[in-house]
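Asker: One structure coming up, written as structure tokens, with questions to follow.
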Amino acid sequence: MNTLVLKIDAILSKHLKKQLAPYTISSQNTYVAFAAKKNGVTVLLYKSGKLVLQGNGANALAQELNLPVAKTVFEASNNSQDIPIIGSDEVGNGSYFGGIAVVASFVDPKDHSFLKKLGVDDSKKLSDKTIQQIAPLLEKQIPHQSLLLSPKKYNELVGKSKPYNAISIKVALHNQAIFLLLQKGIQPKQIVIDAFTSQSNYEKHLKKEKNHFPNPLTFQEKAESHYLAVAVSSIIARNLFLDNLDQLGQDLGYQLPSGAGSASDKVASQLLAAYGMSSLEYSAKLHFANTHKAQALLTK
């Protein structure tokens, strides 16, 4: 997906709005003055005068609209690594046991040599042992913001008749991690989130969050394979999740598995038999189907 970021004046802004009037869409971002979507390309005009075009046809649409395409900034590939980037990723949302770890990291081009020497890559391709070795080095060298939502807090916030669902809670965590990192004086040229929902859905849930920032976002599937900043966040988040999972297991006297398969059902049923539902409230995400499966195992 291509992302173009331009700075346009009031005259060009007025002309742009007129051209794209038939393609207007709503945006929940309070910093966006005008939004449209044409030919699969999302167009966001910010109150600051910054214009963002996102989509595979961004360059073609920019030419059609007579925009200054010479100011093209980014393309979601390794060619975009020559700019300072914040990348955000989460780990744990698909695991029954353990919390959710979200990390936003700032990677400058000067960090690339260090990261390549460490072998930083998509954390999903790395063993847990390697991640646990690399993560402390990244935490020391790379500016980042880590957030961990414990299972207990997750269960208070997520579920039927509760403030969040499984998607909106991740929106809140990503937004807060990036916001706090920006508060440290970080000045990225691009902010990339490993896409877990559509941009429109993200912005819908973002509306109810207290903290906001004006920087445009790039949503990229499997972003950890395209951006070093996201790969760094993925590694740090994975390590944070594993540490939390291990600590929860030590507290309960059980080895808690990652994931949401039959192994989780079995351990959950053992916890229910030993300690009751309070043990799962403390260590697991209750709305997962594993809870009912574990209860069913007790009756056999």
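From the backbone N, Cα and C atoms, a Cβ is placed for every residue, glycine too.
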Asker: Need a hand: Swiss-Prot gives Asp89, Glu90 for divalent metal cation, which of Asp194, Asp243, Asp246, Asp251 is also on that list?
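Answerer: Swiss-Prot lists Asp89, Glu90 binding divalent metal cation, and from Asp194, Asp243, Asp246, Asp251 it also lists Asp194.
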Asker: Once Asp89, Glu90, Asp194 are set aside, which residues in the chain still have Cβ within 8 Å of the Cβ centroid of the divalent metal cation site?
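Answerer: Not counting the recorded site residues, we get Ser88, Val91, Val102, Val103, His174, Ile193, Phe196, Ala223, Glu224, Val230, Ser233, Ser234, Ala237.
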Asker: Here are some binding-site residues: Asp89, Glu90, Asp194. Which one has the most Cβ atoms within 10 Å of its Cβ?
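Answerer: Comparing the binding-site residues Asp89, Glu90, Asp194, the most crowded Cβ belongs to Asp89.
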